[in-house]
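**Student:** I grabbed these lines from TrEMBL:
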- D284, K294, P315, D316, V317, L318, F339, K357, K361: CTP binding site (BINDING)
- 10-175: domain 'Flavoprotein' (DOMAIN)
- 190-413: domain 'DNA/pantothenate metabolism flavoprotein C-terminal' (DOMAIN)
- 1-194: region 'Phosphopantothenoylcysteine decarboxylase' (REGION)
- 195-416: region 'Phosphopantothenate--cysteine ligase' (REGION)
Amino acid sequence: MPGDQSQPRNLVIGVCGGIAAYKSCQLIRDFTEAGDQVRVIPTESALRFVGSATFEALSGNPVSTTVFSEVDEVAHVRLGQEADGIVIAPATADFLARVAHGRADDLLAATVLVAACPVIIAPAMHTEMWENPATQANVATLRERGIVVVNPATGRLTGKDSGPGRLPEPSHIADIARTVFSGASMKQTLAGVNVLISAGGTQEIIDPVRFIGNRSSGKQGFALAEIAVQRGATVTVVAANCAALPAPPGATVIPVETTRELQQELHNQAPEADLIIMAAAVSDFRPANPAEFKMKKSHETDSPSLNRIEMTENPDVLASLVKARANRTLAPETVIMGFAAETGDDTQSILTYAEEKLERKGCDMLMCNEVGVGKVFGQSTNQGYLMDKDGGISEIAAATKHMVAAQILDKLALRL
Ligand code: CTP
């Protein structure tokens with residue numbers, strides 16, 4: 001059933017010849033461990049980088065590169081017809097060109113030509129080849145035909161050089177592929193849109209070794225960034241303490257630590273933004289007087305001590321952005337969305353708290369999550385209610401954070 005992420009799938013994983021071919025091994029393992037049936041189809045040149053024995057051992061299935069093997073079973077037709085999804089990583093510039101022109105000169109290209117299932121292609125090449133107008137035209141053609149081309153990451157390439165063209169982490173490719181298999185569209189609905197996202201959790205300094213923080217990992221903010229990039233947006237992420245996560249490929253990441261740094265960077269970037277999403281968990285208070293030296297377990301009542309830290313209130317960053325829009329520092333048509341981390345209590349439900357928060361913050365949309373130990377923070381799934389200031393409310397069923405991001409961005413694209 002489309003959308004059911006627990007169903008095992010018949011997948012074809014294509015591998016082209018490039019130094020990043022070794023990363024496909026991790027991708028194959030990721031899918032087989034999730035219970036998917038994987039057939040690997042390397043190109044001839046992929047086998048110069050990784051041997052067929054490795055692909056056969058990891059997938060548990062035979063490997064072939066040519067349409068002239070298993071001729072009696074017409075392998076390219078059968079593999080293409082039976083696949084629930086095809087993921088090609090890495091894909092070379094030559095492979096993009098061949099698929100864009102409908103070539104069928106090896107088993108992998110022929111399988112793509114037969115397939116009616118979702119096809120995800122993750123290119124990896126030198127920056128010059130990626131940015132060449134010929135490659136970009138091929139990518140545009142493939143996207144127009146519904147093939148999902150994953151944006152390459154920026155970083156170290158084969159030699160000493162660095163730039164856009166690096167194969168993203170296998171986990172990122174798998175996340176995008178699963179989101180597509182679950183029914184999310186990667187159409188370029190956000191082309192030309194500048195998206196500003198805050199992610200992670202702020203940390204407030206107590207002394208040089210201690211801070212006050214929260215459980216937010218940044219995964220939901222990064223998932224929003226990754227799906228927005230994939231849909232054509234120009235994305236900037238102000239990331240509070242997210243160093244443990246791989247940067248979203250194709251996005252600009254500005255690292256910050258404290259609430260005041262987060263606020264400063266968001267206000268610096270916001271005038272360029274068409275859409276602002278406040279996914280960061282922000283500390284409401286901070287120590288009023290951070291200590292210059294490590295604090296001791298002093299029990300003296302009049303010296304600074306850890307058992308009595310004086311706190312002062314932090315700015316409400318989301319409310320300050322809404323205010324900046326009201327006084328025209330930001331464009332009046334900027335769409336602003338917040339998140340509401342709620343647990344509910346004896347007096348009110350999470351929804352009642354979220355409705356009050358939407359009103360109080362003055363933003364256009366609010367994603368309300370029920371949080372708590374083992375719920376949402378640090379997990380790879382999320383769920384909740386997406387509320388619109390005009391009264392609309394949609395339930396977001398439990399799904400991966402990428403799938404939740406896709407649903408949120410569907411609604412925001414309509415608002416834009
Ligand atoms: N937020 C913010 N600045 C703060 C606190 C929160 O910008 N000082 C933003 C968060 O990024 C989120 C939204 O406001 O988008 C709601 O955050 P939440 O922690 O749920 O709400 P609070 O404003 O802290 O309210 P309360 O503590 O009463 O739940």
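Cβ atoms are placed via backbone N, Cα and C, with glycine included.
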**Student:** State the three-class DSSP label for K361 (CTP binding site), counting H, G and I as helix, E and B as strand, and everything else as coil.
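**Tutor:** For K361 (CTP binding site) - judged by DSSP and reduced to three states - the answer is helix.
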**Student:** So what's the mean pLDDT when you look at the domain 'Flavoprotein' (10-175)?
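**Tutor:** Reported value for the domain 'Flavoprotein' (10-175) is a mean pLDDT of 93.
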**Student:** When a 10 Å sphere is centred on the Cβ of F339 (CTP binding site), how many other Cβ atoms does it contain?
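**Tutor:** Excluding its own Cβ, the number within 10 Å is 29.
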**Student:** What kind of secondary structure is V317 (CTP binding site) part of, going by DSSP in three states?
**Tutor:** helix
**Student:** Is F339 (CTP binding site) helix, strand or coil when read with DSSP?
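**Tutor:** Its secondary structure by DSSP: strand.
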**Student:** What span in Å does the CTP site cover, taken as the longest CA to CA distance among D284, K294, P315, D316, V317, L318, F339, K357, K361?
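**Tutor:** Value for the max Cα separation, rounded to a whole number: 37 Å.
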**Student:** Counting Cβ atoms within 10 Å of each candidate's own Cβ, which of the binding-site residues D284, P315, V317, K361 comes out highest?
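**Tutor:** Selected residue: V317.
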